[in-house]
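The structure under discussion appears below in the form of structure tokens.
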Amino acid sequence: WEFNGSFYQPSAFLMMGIPGLEALHHWISIPFCALYLIALLGNCMILFIIKTTQSLHEPMYYFLSMLAVTDLGLVLCTLPTTLGIFWFNMRRIGFDACLTQMYFIHILSFIESSVLLAMAFDRFIAISHPLRHPSILTKTTVMKIGLVIILRGMVSLLPIPFLLKRLTYCRKTELSHSFCFHPDIMNLACADIKVNVFYGMIILLSTVGMDFIFIVLSYILIIKTVISLATKEECLKALNTCVSHICAVLVFFVPMIGLSMIHRFGKNVPPLVNTLVGYTYLIIPPALNPIIYSIKSSHIREALLRALRRKTE
């Protein structure tokens, strides 16, 4: 502990695995390893296929590439600490290292939310204004959108580590997860955390909250356009292009909203539920997104089959 007058700051935090199941951590690590492996291989495969297939050099697949890179980042942020606990019981993480991990986890989560919004906008333009789609979402425009998404996440979250560093902490240093999460760290402080709570809530609502609202609005407009189409076959074909994205949105936003609600209002929620929702939020989307898009996108599926045939020849 570092002491400066009445100011206390822990040199490290202790992370949790799965409460009550510590004796089974080695066995529990097997499904986690499988999920991490699927996420790493699946997202790398998506990036490789899009890069090597000229016909996939379109806005929809550029945004999918951004989603895959973001998912890889989330996996690489949480994998060392999660598997470190399950395999070696390495629960200790330095204070600054924890803040760094937290910063990148939240940035990548915000980026994923924004990418999903950009993908919703792409689907809206493609269905509502198909002839203008290539001229609206050019390669340069997609790059600018990607740059804005990254800058928004970095700048909006930049004050968070400094707001946590100014706090005085209690003797309790146990985090609720095997990764560092802003509300989790904040709740260990003995000081007044109203500024942290207020800033965190404002940033969450103005970024992820607004993204979700605009995604819903995009689909309302898409449904309105689809209903006006002449035949049932055209309606189904248009909606079928959105199924993968809708699944990705649900897989990401449902656990994220659940985890935020638990940290802010679920004081009596069992620790096991809190932990499982946290893992669902950060591990399941990166593992499921490549599977969802590989199954639902015929272009990616065909490109994957062609790549496999070339390797076997």
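Glycine residues also receive a Cβ, built from the backbone N, Cα and C atoms like all the rest.
Just so you know, TrEMBL annotations are computer predictions that nobody has curated.
So that you can see what the record holds, here are the features copied from TrEMBL:
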type     : residues : note
TRANSMEM : 24-50    : transmembrane segment
DOMAIN   : 42-293   : domain 'G-protein coupled receptors family 1 profile'
TRANSMEM : 62-88    : transmembrane segment
TRANSMEM : 100-121  : transmembrane segment
TRANSMEM : 142-164  : transmembrane segment
TRANSMEM : 197-222  : transmembrane segment
TRANSMEM : 243-264  : transmembrane segment
TRANSMEM : 276-295  : transmembrane segment
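On the 0 to 100 pLDDT scale, the domain 'G-protein coupled receptors family 1 profile' (42-293) averages 90 in this prediction. When Cβ distances are compared across the two stretches, the transmembrane segment (100-121) makes no contact with the transmembrane segment (24-50), since fewer than 3 pairs at least 6 residues apart fall below 8 angstroms.
Of the candidate ranges 62-88, 142-164, 243-264, 142-164 contributes the most Cβ pairs within a distance under 8 Å of the transmembrane segment (197-222). Beyond the ends of the transmembrane segment (142-164), by six or more residues, the same chain brings 59, 62-63, 66, 99-100, 102-103, 106-108, 110-111, 114-115, 118, 182, 185-186, 189, 195-196, 199-200, 203, 206-207 to within a C-beta distance below 8 angstroms of the stretch.
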